[in-house]
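A.B. asks: Dropping the structure in here first, questions after.
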């Protein structure tokens with residue numbers, strides 16, 4: 001088995017079989033990263049450039065750790081401290097890096113479609129680590145992997161994504177991935193933060209958080225992305241929290257146990273209270289651990305498509 | 001394609017009993033020894049030897065693990081097909097233990113080279129031995145030889161040695177396959 005694609009630009013571009021292959025490979029890597037020595041030498045002749053044109057802590061560390069656990073050589077780039085601020089274009093920046101014999105690029109970029117654009121101009125494999133409000137495929141993969149790990153399977157499960165759907169690449173990638181794996185998806189949040197044509201994706205909209213939670217098996221709580229909001233989408237943070245914030249009282253009133261997920265970073269007390277985030281129903285830290293295994297699987301499978309003689 | 005029987009079920013059984021006895025000579029009650037089957041094909045042989053040692057020779061509590069070497073192989077990105085991993089299951093520490101690698105066929109020695117690296121993730125063994133059912137002579141790429149062997153075979157490069165196990169292939173037999 002091998003992936004049907006050369007790049008991971010978004011969940012939209014891969015098949016269900018690709019996702020299952022990534023999960024099966026991630027199972028092996030999860031075992032590897034729980035060994036006393038957490039490293040395998042598979043990618044020792046591969047060089048990977050992590051290009052982060054936008055801030056990130058978790059994703060960058062997770063990718064870097066995944067690359068290092070596979071023994072790849074890693075170079076890091078952050079746009080804030082680079083020549084991009086001097087006016088260099090994206091293709092020039094990347095081509096300069098590739099001329100140093102780099103095999104794979106992991107890129108986060110504030111503009112939607114940056115990965116797709118780059119894939120048309122360069123030869124190296126590209127992994128999209130988030131492009132604007134478009135896609136964040138590895139986050140969706142690790143979210144689905146965590147659901148599969150906790151509930152046995154993703155197919156047939158009901159997942160509600162709560163919060164700022166409009167600005168969220170995590171939401172879009174999750175919707176694609178969950179649907180490809182056979183789950184039903186609803187979104188919940190202030191109407192101003194729900195994309196207008198969301199229902200055309202086959203996604204339900206539920207304006208009432210309690211009803212949404214009563215329906216679902218898993219709730220994925222998203223962060224309110226203040227940095228992407230050019231206008232006011234809701235009156236006050238306090239009002240948002242009252243309507244769409246998840247607290248212990250609400251969770252206990254459901255009469256069933258649901259899984260709580262959050263892609264991080266958490267705004268404690270806004271979309272989720274501390275006691276819920278730290279409760280045993282929350283799998284937020286498992287998501288982070290699975291992130292390394294899933295990213296190892298993605299990088300390993302893409303790297304196996306780079307032929308030796310192309311170097 | 002033609003194939004010749006190298007070992008039939010009876011001959012395999014004799015070889016297994018002899019290998020079991022040779023292991024007992026060197027490892028006594030196996031208190032300081034662990035068996036490690038190399039994935040994917042070595043685990044059948046390893047399971048057989050374990051059950052033989054336990055039922056026929058009454059040795060209790062033999063530790064057996066499976067080691068997958070996929071991520072440690074030296075031909076990643078050099079073969080046509082991507083390498084597919086199997087499960088590693090080693091739920092003991094090999095630190096200061098005598099480890100016996102078990103595989104069905106020893107050919108170039110490259111798998112065993114990878115296994116020698118892979119096992120280091122689970123500690124520093126006191127010593128490592130190698131047991132194979134079939135030892136293909138004159139075909140080694142590396143200075144690796146078995147400590148216990150079922151049968152030595154001379155095969156040329158175009159030929160393949162195929163080991164079948166009842167639990168997986170429906171019969172116990174070893175074939176020399178000419179393509």
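In case you wondered, yes, glycine gets a Cβ from its N, Cα and C as well.
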A.B. asks: Same carbamoyl phosphate site as A:58, A:59, A:136, A:139, A:264, A:265 according to TrEMBL: which of A:108, A:228?
C.D. replies: A:108
A.B. asks: Looking at L-aspartate and its recorded binding residues A:86, A:169, A:223, figure out the farthest C-alpha pair and report it in angstrom, whole number.
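C.D. replies: So the binding residues stretch over 32 Å, Cα to Cα.
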A.B. asks: I'm checking region-level scores; what's the whole-number mean pLDDT for the domain 'Aspartate/ornithine carbamoyltransferase Asp/Orn-binding' (A:156-301)?
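C.D. replies: A mean pLDDT of 92 is what the predicted model shows over the domain 'Aspartate/ornithine carbamoyltransferase Asp/Orn-binding' (A:156-301).
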A.B. asks: Taking the Cβ of residue A:59 (carbamoyl phosphate binding site) as reference, which residues of that chain separated by at least 6 in sequence fall under 8 Å from it?
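C.D. replies: Expected: A:108, A:129, A:130, A:136, A:138, A:139, A:291.
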A.B. asks: Given the binding-site residues A:264, A:265, which one's Cβ is surrounded by the fewest other Cβ atoms within 10 Å?
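C.D. replies: Counting other Cβ atoms within 10 Å of each of the binding-site residues A:264, A:265 gives the minimum at A:265.
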A.B. asks: Among the binding-site residues A:58, A:264, A:265, whose Cα is within 10 A of the Cα of residue A:223 (L-aspartate binding site)?
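C.D. replies: Those close enough are A:264, A:265.
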